[in-house]
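Right, one structure below, let's go through it.
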Amino acid sequence: MYRSCVVRARKRTCVEPWVIGIISFLSLIVLAVCIGLTVHYVRYNHRRTYNYYSTLSFTSDKLYSEFGREASKNFTEMSQRIETMVKHAFHKSPLRGQLVKAHIIKFSKEDDGVLAHMLLIFRIRSTEDPETVHKIIEYVLHEKLKYATGPPNVDPESVKIKKINKTESDNYFNHCCGTRRNKSTVQTSVRIVGGTPVEEEEWPWQSSLRWDGSHRCGATLINNTWLVTAAHCFRTHKDPSRWSATFGATLQPRKLTTGIRRIIVHEKYKYPSHDYDIALAELSKPVPCTNAVHKVCLPDANHEFQPGQRMFVTGFGALKNDGFTQNNLRQVQVDYIDTQTCNQPQSYNGAITPRMLCAGFLKGEKDACQGDSGGPLVTADVRDIWYLAGVVSWGDECGQPNKPGVYTRVTAFRHWIASNTGI
């Protein structure tokens with residue numbers, strides 16, 4: 001049996017105007033409160049960057065000559081110790097979590113010790129009074145460093161800080177070797193062979209060497225007047241006046257262009273051998289240090305890399321064997337491969353000399369390629385400072401299994417570089 005559907009007429013209800021008014025009023029109050037809370041939250045949590053230049057005196061059981069040279073192993077160790085002391089001081093302070101970076105830029109000798117020059121960068125709520133912030137920073141450094149355990153032994157009373165602007169802060173950073181201001185893609189594993197372009201300012205020491213205006217090789221800026229590159233780049237093209245160097249993440253447009261005054265090819269390089277494949281190019285004029293253009297660090301001659309250590313190689317080279325030069329700079333993450341492994345019969349069968357190093361993967365795929373020659377292979381230390389480990393030299397095609405990229409080992413030529421450039 002079907003049930004019939006009963007339809008009842010709805011009684012229309014009228015709402016009094018005063019009720020509508022109350023509802024509208026309450027809605028406006030709720031909306032105003034929400035807007036106020038949002039504005040307060042944004043304003044309270046908006047942070048302003050504070051840059052400071054700081055100095056502090058310290059004494060050490062090491063001689064200044066042992067750690068005073070930028071980028072040396074002892075310089076890195078001393079810098080890390082002092083930076084760690086400063087970070088710990090702020091960790092137990094009202095500014096906990098607001099110190100973004102403490103970075104030693106240099107040491108200078110004093111009569112009764114050593115002066116550390118340091119940059120401090122904070123991200124602090126914009127509601128805080130700048131004068132109050134300055135006083136808190138001074139107080140923390142003066143009081144908390146009293147409890148820092150050395151070595152080195154810092155003098156908290158010697159601490160001085162000076163507020164500087166972003167331009168000044170960038171200028172200090174850019175005169176330090178191996179610093180990178182833009183690192184948005186450093187964690188990605190992309191390839192030069194089939195990879196994606198990097199962003200401007202990511203690898204500021206990368207240079208393009210051009211013969212009559214056309215890209216021929218990569219190179220690496222090691223100070224404002226010298227490039228390191230591969231000797232084979234100049235095998236048939238030796239006239240410095242026809243060479244130029246450009247900087248930036250694209251071949252066109254160029255960020256900066258300068259001429260080449262002098263080329264120094266290692267005296268033991270003899271083609272077709274790949275040994276001693278290193279050269280220096282002196283720029284016709286010093287290049288200014290900016291976020292987009294500045295030098296990499298050079299490792300000590302006795303520095304040793306560890307198997308599996310992460311490195312990056314960059315260049316404008318081809319995406320595949322016998323391919324074309326790319327307009328955009330590319331990067332690839334590779335691993336350091338020890339010489340014994342690289343000299344196995346299935347790899348290079350003893351061809352790797354003490355002046356070479358291998359980096360890549362035995363499974364292939366990720367590698368440098370034609371047009372990348374002379375470019376940098378770099379690795380970072382514990383302070384996130386980047387060092388030139390190798391110079392793109394040679395390999396068996398590009399990205400082939402058991403045929404990793406072969407690079408000129410920079411540590412093997414550290415004294416040669418110093419004798420020719422003073423660096």
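Cβ from N, Cα, C; glycine included.
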Cys217: disulphide-bonded cysteine as recorded in Swiss-Prot, out of Cys177, Cys233: Cys233
Cys358: disulphide-linked cysteine among Cys342, Cys369 [source: Swiss-Prot]: Cys342
Shortest C-alpha distance to Cys342 (disulfide bond) - which of the recorded positions Cys217, Cys233, Ser373, Cys398: Cys398
Neighbour-count leader, CB within 10 A, disulfide-bonded residues: Cys217, Cys233, Cys342, Cys358, Cys398: Cys217
Secondary-structure category, per DSSP, in which Cys358 (disulfide bond) falls: strand
Inter-residue C-alpha distance, His232 (active site, charge relay system) and Asp277 (active site, charge relay system) (nearest angstrom): 6
Distance from Ser373 (active site, charge relay system) back to Asp277 (active site, charge relay system), taken between C-alpha atoms, in Å: 10
Reported mean pLDDT - the topological domain 'Extracellular' (40-423): 91
Winner by Cβ contact number (other Cβ atoms within 10 Å) across the active-site residues His232, Asp277, Ser373: Asp277
